[in-house]
Structures are given as C-alpha cells and as structure tokens.
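Here the structure comes first, spelled out in structure tokens, and everything after it is commentary.
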Amino acid sequence: MKTLLTAAAMALGAASVAQAADEVKLQLKWVTQAQFAGYYVALDQGFYEAEDLDVTILPGGPDIAPTQVIAGGGADVTVEWMPAALAAREKGLPLVNIAQPYKSSGMMLTCWKDTGIAAPEDLANRTLGVWFFGNEFPFMSWMSQLGISTEGKGEKGVEVLKQGFNVDPLLQRQADCISTMTYNEYWQVIDAGVAPDELITFKYEDQGVATLEDGLYVLEENLNDPAFVDKMQRFVRASMKGWKWAEENPDDAAEIVLDNDASGAQTEEHQKRMMSEVAKLTAGSNGALSEADYQRTVKTLLDGGSSPVITKEPEGAWTHVITDAALN
Amino acid sequence: MVMVSMALLIWCAGWWLNGRLANSSASNTSAVKLLVPAIFGVTLLIVWELLVRGLEVSLVILPAPSVIAARFATSLPVLWQDFQQTILKGALSGYIIGCGAALLMAIAVDRSDFLRRGLLPVGNFVAALPIVGTAPILVMWFGFDWQSKAAVVVVMVFFPVLVNTVAGLRETSAMQRDLMQTYAASYWQSFFKLRLPAALPFIFNGLKISTTLALVGAIVAEFFGSPTVGMGFRISTSVGQLALDMVWAEILVAALAGSAFYGMMALIEKTLTFWHPSQRG
C-alpha cells in the first residue's frame, strides 16, 4: 500500500512537471477529420509547444453540442459555426468569436439534375434534406429570400426533411436535394457512383446567404482575465500557423489528421480530398474576423423568415483583441 | 445564498410534514395517500427552482421549472403537433401493429412446436438489436415520415409481448386442460374459455412494458431523420439551438403521455383480470 502511494505521488509529481505549460482544451464541432487539420498540424508540428501551450483536442460528433460543452466548463475554446454561436448568445450563453480561420462557407445544396432543377426558383414544390442542430439557419434564410415557405409541399413551398449526416436520402431519391459540404458529403455522393454532371449544386456562398463557419469561440467572462487572453493569443497564433502549413502541405496535413483519428474511421483518399477542399475555404483568412463577413452573417440570420434564429442585432459577439495581438 | 438556504429549509419542512402524515393515524386514508407523494413532488420542484436560481445555474445546463412551465404554456400548438406526429401516429400505430402481430404469432407458436423451437430464438435475436442500429435502416426503408417510426416501435414491442403471451398460454395446469378435454372442447373452445383468460396477466405484463418502449422507440427514431415535426425532431433541434426549456417541455409531454398510456393499460388489465389474486383486495 505504501509503495503504491509513493508511486502515485511520484506520478503526480511527474505529471505536474510535464504540465508546466498552459493547458488549453479545444472542443471540435465534429469528428476528427481534415476540416480541423490546422489544429492537428499545430499540435503535431510543435507549434503549440513552441508557444508554451499544452493543447488537448476534443473531437465532437453527432451527439455533442460544442456550445453545451463549453457552457459546462468542459473546454476553454470551441470550434463552432457562427449561427449556432449567435443563437446561443441570444439564449444567454455569451460566446465571443476570437478568430475566424475559415473565410468561406463550404455548405451547399446538392440536387439531381434529372429532376429538372436548374435554378434556385425551381426548388419550390420539392423535397429537400436539411441538417438541423444549428445548421438549418442559412437554409431557412435562403428560402425566405426566395419567397418559398418551408411548411410543406406546394406551389410556393417545399417539404423539408431532417436529414441525418449521410447522403442516403439523395441516393434513395427520398429527397430531390440534400445539404452537403464541399469537402465532405458531396464526395460521398460521387463515391457512391454518381457522376458530377448528374448533379447540380447551389453553393450558399454564391446565393449570398453564406454564414461564417468554423470560428473559434470562448466565453465572454473569460476575456476579462489577462492570463486567459494571453493564452488565447498564443493559441490563435499557433493555430493559424498550423492552418497555413496545412494549406501549403495538404497531403501531409491529411496524414497528420489520420494519425490523430482514434476512431480509425477516416480513409486516406477521403481525407486528402477533404484537405484540398478545406484549403480553398481557409485561403484568404489570416485568422482575423472580417467585419463585413460578420455583418453579412448577421443579416442572413435576421432574415430567417418565420422563425428567425436571432431576433435582434447581437452586441459584443466578436473581438479583435486576440487576433490583433496574435498576428502582429 | 438566501435561496439556497431556503431550498434546504423547504426540503426539511417537506420531509417533516410527510413524516408526520405517514405516521399519523390517518395514514391509511386515501387523501393522505395522495397527499404524501404530492407534497414530495411539489417540494422537489420548489427546491429545484430555488437551487437553480440561487446558484445561478445557466439555462443551458438546467432551466428552472418556472421557465419550463412558461415555455410549455406558450408552445401548446407546437407541442400538440409534435404529440400527434410522434405519439398518435408513430408510437400508437406501431404499438397496435406490433402487439397485434405478437399476439397472433404467439397463438401460432402455441399451436406448433416447430415454430416455438425455431422462431423464439430468432425473436430473441431481433429483440437484442440496438435501436440506434436499426432505426437508420428502417428510416431508409420506410421513409422519413411516421411509418418508419411505427416500424421501429413494432420491432421494439413485438418480442416482449410475444414471449409473455407464449409463457402465459402455457400457464394452465394439465389437470385443467384434461378437464376441458373430458368436456370434448375443441382447441378454440378451450383457448377462449380457459387458456386465454389464464394468460391475461402475462399478456398485460408485456403490453405494459411495451407502452414505454413504444414512446422511447418513436422519439429516438426521429433523431435519425424526420419531417420538421415530432417530439424527437424538436428535442434534437432544440438542443442545437440551446433552447433547453423547449427540450424539457417535450420531456414533460413525453412523461405525461407515457404515464397516461401506462395507466390506461393498467386500468384495462384491472377490469379484465379482476379474478386474479394480484387484483384482489
């Protein structure tokens, strides 16, 4: 018993030495994949270590709401889409955007061409698959811009299905269109044996309803703590270094992601393709949130039709304090 | 801090009051029998409210009961729509189809030794399939609407009813069955007059277990694809929007509906099996 206690005490001592660096827990929005390559690269290439950070990356999944994790104190910083973050803010969980590695949105609607859909107007009277869990907001806003109701099929309405995170509804023709990401589900459709010219896609970015995806969010109250701010500045600097490294070396970045995928569910081909698509979305961002992009996101959300995501203009939902210091 | 100490105080007061009531001479009257659990429930709600407010627990973690009640009252049309979709269309139709099929199958199993040896193990196997595995497949087969939810419910309730009914039909003693034979009763005569009544307590056991299974099955199946209505849909999307008060309002509906459904079955059981020792007194 005594030896056991000594051993435990020694182990504790060793652990505390190893953890002299500042701890940061990062909660991802989804499972380990190239969508988050920048963070895994920064960890793997020692960019975090160089900033004296001990970063733990917590993968997400279909049943994990990053906003809830951070509200419960399970993470210091989380990757989240801005619509969900702003909705949470209005519900009383004050999330603040501290950095925005993704410049463009990768979300789109993928439809069968042979259904006769050629333009957004043709979407009326169709069955569309939409992701919920906070991802439905840009879609709702787009439909209300087109003057299409989401309450059911009709001349001026569409049937909306809550789609799971797979592409079966399209392949089975249960839906005429489904939500896809340029870097993930679209390629699952292609991999299922569908030729790209059998499909027609509408990028939210092109429809003017794109909302900011994959930003870094922290709780507002933590920003009053100078030590936390300093830690986040180092974290954002190292993460952005990771992102730029990933953009330049997409294949190596995909390998690093695969090495970190504890589930072993990802394949090399899929991850390399995902990384090259993700690089297109992160290109053009140095990590600082563009105010114009933020305004466009807020406008899209406020135009959300019958049940808007946010009912009033948010205040203090973003800050440049971190990126100003981190990037100069 | 005031609210937290108040919560403790109210907890103790409720405890003391219930203790007095339970030990009093009136403890066997029906009024006190109702009053004791009522006091316990109300105390629990007040303590919950005071603790959540006193400790400033975020709405995202646990909303106060008053917030949930307010949301419940203002969302009645939505809740009613979800109730119709999930419980009336999905759970109830699945329950009726599943239990009906299980009863018919139980009779077939009872008549044929071949089926009993061959089919029950297969039924065992199907019952062991996890719902999270079967639900997406059934959604793929039967579409997004309530039909696929009913199918999930059928799979879930079929086996408990089947096993209980088969066991129930074997409940009569050899002496009783011999007596029916000496009366020259046919299979169906002895089935309806002797064996089915004897099996009723078992059958109702299965039916009661299945009420809650049906609700769980219908709600969980909606997580894997649904139209934009239904309790499972609302719960999963409301969590994404951090509208936890809505999630709790749906949970409240599910709890109320589940208790009512179970109570209804128990009531039918009571009227049909009045002769059974468990119902006497």
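We number each residue from 1, going along the chain as drawn.
Cβ atoms are placed via backbone N, Cα and C, with glycine included.
Whatever TrEMBL says is automated annotation, not expert-curated.
Remember, it's a predicted structure, so these values are computed and weren't measured experimentally.
Summarising the annotation, TrEMBL assigns domain 'ABC transmembrane type-1' to B:100-272.
The transmembrane segment annotation in TrEMBL covers B:34-52 (among others).
For B:59-80 (among others), the entry in TrEMBL reads transmembrane segment.
The annotation transmembrane segment is assigned in TrEMBL to B:92-110 (among others).
Packing against the transmembrane segment (B:122-144) from elsewhere in the chain are residues 150-152, 155-156, 158-160, 162-163, 216-217, 220-221, 223-227: each is 6 or more residues past its ends and has a CB under 8 Å from a CB in it. Annotation comment: TrEMBL describes B:122-144 (among others) as transmembrane segment.
What TrEMBL records for B:150-169 (among others) is transmembrane segment.
Within the chain, the transmembrane segment (B:202-226) has long-range Cβ neighbours (under 8 A, six or more residues past its boundaries) at 86-87, 90-92, 94-95, 98-99, 102-103, 131-132, 135-136, 138-139, 144-145, 148-150, 152-153, 155-157, 160-165, 167-168, 171, 232-233, 235-236, 254, 257-258, 261-262, 265-266, 268-269, 272-273. According to TrEMBL, the transmembrane segment annotation covers B:202-226 (among others).
Only residues 6 or more beyond the boundaries of the transmembrane segment (B:246-268), in the same chain, are considered here, and those with a CB under 8 A from a CB of the stretch are 63, 68, 71-72, 75, 79, 82-83, 87, 204, 207-208, 211-212, 214-215, 219, 231, 234-235, 238-239. Summarising the annotation, TrEMBL assigns transmembrane segment to B:246-268 (among others).
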